[in-house]
Every structure is written in C-alpha cells, then in structure tokens.
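Visitor: Please see the structure below; I have some questions.
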Amino acid sequence: MRGLSRNSGAAAIFAILLILAVHNWSVAVSSQSTEFAGDFPPFETECRGTIAECSVSAALGDGGDLFYGGGEMGEEFEMDSEINRRILATRRYISYGALRRNTIPCSRRGASYYNCRRGAQANPYSRGCSAITRCRRS
C-alpha cells in the first residue's frame, strides 16, 4: 500500500509538470504568430521611439513611417502648439503668462512665475530653523 501511494504521488507530479510544459509550449507557439490577439500588438523589433510611436507602428505592421508619412493613426498623436496651450491652460500650476507665445513669463532671476516682482523669492523658506535643516540665519 505504501509503494502504491508513492507511485501515485510521483505520477501526479509528473502529470502536473507535463500539463505545464504543454501549456508553456502552446503559449510560446501562439505568441510567435504575427496576428494581433490581445490588448497589445506584438513587437517584432526593438523600437527606439516613444510608447505611442512604437505601439502605433507595431499595430500597422508594415514598418512605414506613420508620423511623417501621413498615416491614419499618426494624426492622433500629433498636437500643434495651440492645442498644447489649451491643455496646459486647464492645469492650476501654469500661469497664463507662461502660455503666451514667444514670451518669457518672468525675466527676473530667482523670481517665481506667479510672483514676478523685484525682490520676490521663487521658493521662500517657510520651515522653522534647526541644526538638522541647516537653515540660514539672518
């Protein structure tokens, strides 16, 4: 009875390993196909562009120049400066002066974009002074 239990345990382990090997082999074979079968397109070569460029060029599969050749999906990732300014205008941390074309928001050295006055500090020190923080003493 003891020998039968040992053989059935070994057979069960062998069966599990065989199932895992067949599963891994089937996944490896199916991943080598060039068909799109999942959330992400298969990448056959190394891409040195942005994530959007690599994803779109892999989805096309022809290796064509999508962004400069006038591809359908390339226009989605192109944004002119007006669209960029509108998107940035919705954020709270960029001033309208920073969004104007061909202008410098604040030309004073060390001054904040939000507080562009003479003598205004960009990041005024507001914490207490201690030996650990090594703050300057005035």
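Each residue, glycine too, has its Cβ placed from N, Cα and C.
According to Swiss-Prot:
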{"type": "DISULFID", "residues": "Cys106-Cys116", "note": "disulfide bond"}
{"type": "DISULFID", "residues": "Cys129-Cys135", "note": "disulfide bond"}
{"type": "SIGNAL", "residues": "1-28", "note": "signal peptide"}
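Describe the structural context of these features.
Guide: Of all Cβ atoms in the shown protein chains, 18 besides its own fall within 10 Å of the Cβ of Cys106 (disulfide bond).
Mapped onto three states, the DSSP output places Cys129 (disulfide bond) in coil.
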Visitor: Measure the Cβ-based neighbour count of Cys129 (disulfide bond), defined as the other Cβ atoms within 10 Å of its Cβ.
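Guide: For Cys129 (disulfide bond), the 10 Å Cβ neighbour count is 12.
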